[in-house]
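**Student:** Quick paste from TrEMBL:
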| type | residues | note |
| --- | --- | --- |
| DOMAIN | 80-226 | domain 'Fucolectin tachylectin-4 pentraxin-1' |
| SIGNAL | 1-24 | signal peptide |
Ligand SMILES: [Ca+2]
């Protein structure tokens, strides 16, 4: 019995029993007892219906709240595989035709220059190499193989950026400045809790540097995460996406910013106002050029 039906039934019973009183002035003791019993039965049914309604509401609320949280953590024992190999890679400049960025995701960790397995930029300030994983993944760790036959120190220090923006320097860093041990061919950097489609390696500083990488491996459970934005271009806390609440805007789309009115767009009223959120820059602050 629904809660509304309870009220209607109760009123019907009262009207029914009061009809006995139209010829007399009061209910008989028997009629009063019958009325009391009938109302108690209805009350019990009403209480049961109310409890069920409250329970359903609590379940729905719990579900809604669960939906607002980030995806569940990766189960212990999930596979940990390199998802970077064979993906499309880029770098800010190219030293030579045989040092293309793809050399660092070719599956060959050989650090000798003549093995033609290393990418290398020209000498420049803040050179960067990055790989597009194609979708957003949880990144467990990044393993970098250094050049081995020469110039090992050129890699130090380096930064790792991970995130969904193709403006890779605007993605959060995994840790700070990293240093590879010069007597080790590779370094493994843990990035707990980090997610992203793009993984970049960048050399900081104001001097011109070569960025040489002989392999970059990105280890993940290889399960792509749900998107943090919606197809209907709505955003904000009232419009959660499968992978995020508040719902975000695709930082690489023509509409990367969330307006105070919960629409993704690119105008000043989406990207440059009080209450606007620009998802191209998830650091919350501008990096120096
Ligand atoms: Ca390689």
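Positions of Cβ are set from backbone N, Cα and C atoms, glycine also.
Where the annotation comes from TrEMBL, it is an automatic prediction and has not been curated.
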**Student:** Helix, strand, coil: count each for the residues of the domain 'Fucolectin tachylectin-4 pentraxin-1' (80-226), based on DSSP.
**Tutor:** 15 helix, 63 strand, 69 coil
**Student:** Restricting to the domain 'Fucolectin tachylectin-4 pentraxin-1' (80-226), report the mean pLDDT as a whole number.
**Tutor:** 97
